[in-house]
Amino acid sequence: MGKDNASYLQAFILVGSSDRPGLEKILFAVILIFCILTLVGNTAIILLLVMDVRLHTPMYFFLGNLSFLDLCFTASIAPQLLWNLGGPEKTITYHGCVAQLYIYMMLGSTECVLLVVMSHDRYVAVCRSLHYMAVMRPHLCLQLVTVAWCCGFLNSFIMCPQTMQLSRCGRRRVDHFLCEMPALIAMSCEETMLVEAIHLCPGGGSPPGAALPHPHLLWRDCSRGAEDEVSSRAKESLPHLLFSPHSGLSLLRNHHLRVPEAGQQLLPRSGEVPDSLLHHRHSQHQPPHLHFEEQGCEGDHEETSGVGERGWGASTRGTL
């Protein structure tokens with residue numbers, strides 16, 4: 001840390017939209033409503049997933065983790081944000097800013113990896129549906145979620161010190177509503193291209209990773225000539241396909257705009273509940289191209305599905 005940052009114990013000033021008090025009141029009301037909806041909605045999802053044994057499946061296990069991430073996002077951002085919008089005090093302590101940056105980056109990185117995991121889970125559910133429950137075992141799903149959280153911790157552990165050690169030439173005004181990495185980088189008075197490139201690499205790869213399986217699924221259905229399946233798959237893939245480019249553009253935009261949109265991370269995310277891709281247990285409920293006689297798996301389907309479902313029923317009661 002440079003000598004000009006020796007006064008690091010001084011509080012940062014979160015500028016936000018403090019020059020427009022009328023806008024602050026509107027933002028306060030809107031963000032408060034979305035915070036309440038986020039807290040109530042995600043809490044209800046988690047409780048439902050825990051209490052209903054029928055939802056102890058891989059897809060809903062990942063969904064429960066995503067809901068928990070949303071709750072953590074809201075808890076780490078909303079209190080300070082609402083405090084700044086609702087009162088004259090616009091400051092945040094140095095240590096509070098570091099903690100907010102670390103938690104924000106950790107949760108954001110974890111969510112990026114988790115969305116990629118959820119997308120490929122849907123890929124396995126469609127393309128290997130007869131063996132889905134055998135492939136996506138509880139132990140594997142728990143490992144994937146653990147990897148997502150570890151990636152988030154690692155990325156935040158690497159990037160936070162690099163961001164806070166940038167020379168700021170005594171600047172204390174953060175041109176944002178919270179201590180986010182692009183806003184803190186914008187305060188620096190030294191070259192930041194390397195830090196920005198490192199920041200962009202982990203998040204920039206997740207939108208293509210999450211969107212990659214869906215064009216393949218649509219192309220496979222088109223090649224089979226199943227019009228109903230193409231229409232159904234398009235509806236199911238649309239949330240992921242819309243969310244992925246939006247995430248990538250948001251990463252690029254944050255490096256050029258000084259004041260990102262207020263409460264952006266507090267809005268409910270699309271693509272969280274791809275519930276129309278549930279794995280069906282009986283062949284008569286499956287689309288024509290997934291019938292056993294066409295897959296050549298008449299003998300092992302019941303055994304494979306039974307083992308997978310028994311494994312989830314016994315193993316997820318303690319994890320969901």
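Residue numbers in this text run from 1 along the chain shown.
Cβ atoms are placed via backbone N, Cα and C, with glycine included.
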So C179 is in a disulfide according to Swiss-Prot. Which of these is its partner: C35, C72, C97, C297?
C97
Please identify, from the disulfide-bonded residues C97, C179, the residue with the sparsest Cβ neighbourhood, meaning fewest other Cβ atoms within 10 angstroms.
C97
Ranking 30-50, 58-78, 98-118 by Cβ pairs under 8 Å to the transmembrane segment (140-160) puts first 98-118
